[in-house]
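Here is the structure we will look at.
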Amino acid sequence: MMKIIFFGTPLFAVPTLKKLLDNPKIEVTAVVTQPDKRRGRGNKLIPSPVKSVAVAHNIPVWQPRRVKKNPETLNLLREAQADVFVVVAYGQILSTEILEMPKLGCVNVHGSILPKYRGAAPIQWSIYHGEAETGNTTMLMDVGMDTGPMLLKSIIPIGLLDNAVSIAEILAKDGADLLLETLLRLEDKEIEPIPQDNSLATYAPLIQNSDYEIDWSRSALDIHNQIRGFFPNCFTSFRGQSLKVMATIPVGTEYWSELPPELQKLEKVWSSESEVVGNIGEVVKVIKGLGPVVQTGSGWLLLWQVQLAGKKVVSGWDFANGTRLLVGEVSEVFSR
């Protein structure tokens, strides 16, 4: 039986931990996760999703603030004599000392097709850059950031209306399967690690607050990718208020084939009328039952779901009705 110590923290890591716990060939002897954090109105200490699963399965949980500087945790890791350390979105950098402890090494699953999108936010940036596909890569960890030799890969398509949350859910489940396969094949010596080609590497840094602000002078597709890549945080201003744009649809014949049934009306309405041109950031049309269409630096964008500050998320059509947004009578400009 393969002895595993699992390092992980957020919900993304939970499917992998559960997959390992359910496999009779694997024994998860301990879990290392981030310390509990205070959240909510009561400022209560809340455990990480990974800790909650571990506690439910009576697995020892270690929560050092800095794992590589914590002598007690280092001793526990050393004494455990694990075959593999599995690392999934743990949130701390592991030292060379830790990486060299397990017999077969430290195995990580990363949510991109390495060497592309190394770093903290691979899912978000892959969507932002308009990638048609993403995936998971398992690798043997080294001291670099996602630079270790690769083991197995999987490929996942990214649809026009997918966002960071929907893709993360898919990758979390896929990553669990891929990592389990990796461990079993690694134990049987069926995998030859492949070094990464650093010349092909791209990076996915931490997202800054400034990345969330919409610049309407960009193209409709670029803005659409920004909104779904950084979902649910992108915003603009409307009548002096912050307006979160939660979902959009780029308008044009090149996008019709990817629309779900409930949006087929957009093709019929737009195709039956001549295209309109307005100032950048201006609502050029309000489509009944769908919502406002905004002029961008190149092309048009339908606001499908929005959220005014302090309000609930509503459809673009309900937003247009609630704010009396009428093209012709009132030409509202969404300012940057």
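Glycine residues also receive a Cβ, built from the backbone N, Cα and C atoms like all the rest.
Quantities reported herein were computed from a predicted structural model and do not represent experimental measurements.
Annotated in Swiss-Prot:
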- SER112, ILE113, LEU114, PRO115: (6S)-5,6,7,8-tetrahydrofolate binding site (BINDING)
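The number of other CB atoms found within 10 A of the CB of SER112 ((6S)-5,6,7,8-tetrahydrofolate binding site), across every protein chain shown, is 24. Other than SER112, ILE113, LEU114, PRO115, the residues of this chain whose Cβ falls within 8 Å of the Cβ centroid of the (6S)-5,6,7,8-tetrahydrofolate site are, in sequence order, HIS110, LYS116, TYR117, ARG118, PRO122, GLY135, THR137, ASP146, MET150, LYS153, GLN196. The Cβ neighbour count for LEU114 ((6S)-5,6,7,8-tetrahydrofolate binding site), using a 10 Å radius and every protein chain shown, is 26. When other Cβ atoms within 10 Å of the Cβ of PRO115 ((6S)-5,6,7,8-tetrahydrofolate binding site) are tallied across all protein chains shown, the result is 20. The DSSP secondary structure for ILE113 ((6S)-5,6,7,8-tetrahydrofolate binding site) is coil.
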